[in-house]
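**Student:** Take a look at this one; I'll ask things after.
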Amino acid sequence: MSSGASVNTLQSLVEQLKLEAGVKQIKVSQAAAELQQYCMQNACKDALLLCVPAGSNPFREPRSCALL
Amino acid sequence: MRKSRPCLGTRRPVEAHEFTGGEGESTHPKVMISSEKLKGVGATLSDADHMQSQGCSVEWMPIHGIKPTRVCPLQRAKKWAQEVVIMDQERSWPCEWAGGSRVHQVAERVEALGQFVMKTRRTLKGHGNKVLCMDWCKDKRRIVSSSQDGKVIVWDSFTTNKFYCRFENLPSKSWGEEVTVCDTAKEKGVQVCMNKKVHISCSSTLTLMLVSLHASGLDNKCSVYPLTFDKNENMAAKKKSVAMHTNYLSACSFTNSDMQILTASGDGTCALWDVESGQLLQSFHGHGADVLCLDLAPSETGNTFVSGGCDKKAMVWDMRSGQCVQAFETHESDINSVRYYPSGDAFASGSDDATCRLYDLRADREVAIYSKESIIFGASSVDFSLSGRLLFAGYNDYTINVWDVLKGSRVSILFGHENRVSTLRVSPDGTAFCSGSWDHTLRVSGCVSTIQCVRGGGRDQPSWQQRGQSRLRWAGQPGSSRFSPVGSHGGRELPGEVQGASATQVFKHRLDNCVSAWS
């Protein structure tokens, strides 16, 4: 079928695909390495990662302590 | 006809030429010149001219196999679309690792987190029906939540005090009766029979945004209410009706400047509105079905957002131009929730196909899948911890799973909700996360220390301590704060200053050169 509407749809689809195909890609290894680096850099600020209780000083003496 | 070569390096779309020709040549079709003297394929016009000038008769004939010059534009467009799709597939072919590139492979050397224990610290009870939506206020302490019973409650997450929100004289009948803001110690909130979902987004000035969610005429509006705790103030008087769609509104968010609102709707579009004037600034078309969720890029100057919909696609949009910049279609079912990675370079999505996936924007593809065979229920909401190392996902099987983003493994599972988890957000300062559920409650949870405090060591004495699963080793020097904690992988000693975190341990140096460590 060669109706105008479907040609237009396809053309806009093609334009969109061309636009997306034109996006510059970097390698996954590099992208993943940067994600990893971000994680590592911010790990010390992440209270949930460090299991620090909310609203308390992380360097406070904890309640249960084993002396060796 | 020029063949399309797989070209991983270049991205220019291949144009379908019906005829070949060198640069600058005329676009006449290549022809066979039938003449007594010269027979051959690939002759050009100049040849033909030459022949003619020589007195040969030149007959233009189409080369066998070449289609006629007039190609139906529809055919041409289809061909182009096919070629671009092929190119895109070639692009996605694993070019670095056999079997595809994934974050886990790159992160192999990263120390594993070990098992976490998550614990609910506060249970917020007060809603009379399913909790549908919540958000943290920017003061990192208050939570605003809405439920199907029509109440919007502002909670103080530290003290669990609650305030109800007051709306009076709401124009649309569907909002029901008034709700009163009150201090719970003094008065009781008036119930509202509201059978519409209210979506919450908190701006930095504590403005509340409410959206009513069912497709019936006036209800598809988004209104902005200033949130105030003054009992005498009638919030509805300051209400601004901002956005309107032709179908239900599924998600909304303030932009960075708080002067604009982004909405996603069941009509398949997203829209950007100005709060002051209520004007539509930009609309975003491209989803093939209902848009269910959206998230704004975290950077201050960011002007992109990502949306996920029932068409299984996650699309990244440029807010200024309205263009879809990137689209990702690897999920197998509706995408319920999308959330940007804290750095803004990636985003995660949770879907009804029981997986969460991580998409990297610069690599332009999916880079990780978080799934387990035992998880068969869809993920309704996802959020990252502050550093992006942890991904919290609430599921329809009443649990919250915590994933290690880099390793792809699950580090914790939180039980407690008695019905499906509908919404989950990490607090702005990253110290806790709050989950709302169909069991009428919200739970504020955090991580719990699993290993008790270890204290020991001495001057210049390296010592090994074993506690639980983790081994710590440190060497102290008199008068200095230099010591080297080593993680549980038993690797070599790392020289240097106090290491605040090896992702599982927090260290404290004391004046007597003892080291306390706990995790």
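Keep in mind that glycine also has a Cβ here, set from the backbone N, Cα and C atoms.
Per TrEMBL, the features are:
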REPEAT    B:124-156  repeat 'WD'
REPEAT    B:242-283  repeat 'WD'
REPEAT    B:284-327  repeat 'WD'
REPEAT    B:328-369  repeat 'WD'
REPEAT    B:381-413  repeat 'WD'
REPEAT    B:414-444  repeat 'WD'
REGION    B:474-499  region 'Disordered'
**Student:** Going by DSSP assignments with H, G and I as helix and E and B as strand, what are the residue counts for the repeat 'WD' (B:328-369)?
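**Tutor:** Taking the repeat 'WD' (B:328-369) as a whole: 0 helix, 23 strand, 19 coil.
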**Student:** Cβ pairs under 8 Å only, please: of the recorded stretches B:242-283, B:284-327, B:328-369, B:414-444, which one is richest in them relative to the repeat 'WD' (B:124-156)?
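**Tutor:** Most Cβ pairs under 8 Å with the repeat 'WD' (B:124-156) come from B:414-444.
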**Student:** Need one number: mean pLDDT over the repeat 'WD' (B:242-283).
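**Tutor:** So the average pLDDT across the repeat 'WD' (B:242-283) works out to 81.
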**Student:** Determine how many residues of the repeat 'WD' (B:242-283) DSSP places in helix, in strand and in coil.
**Tutor:** 0 helix, 25 strand, 17 coil
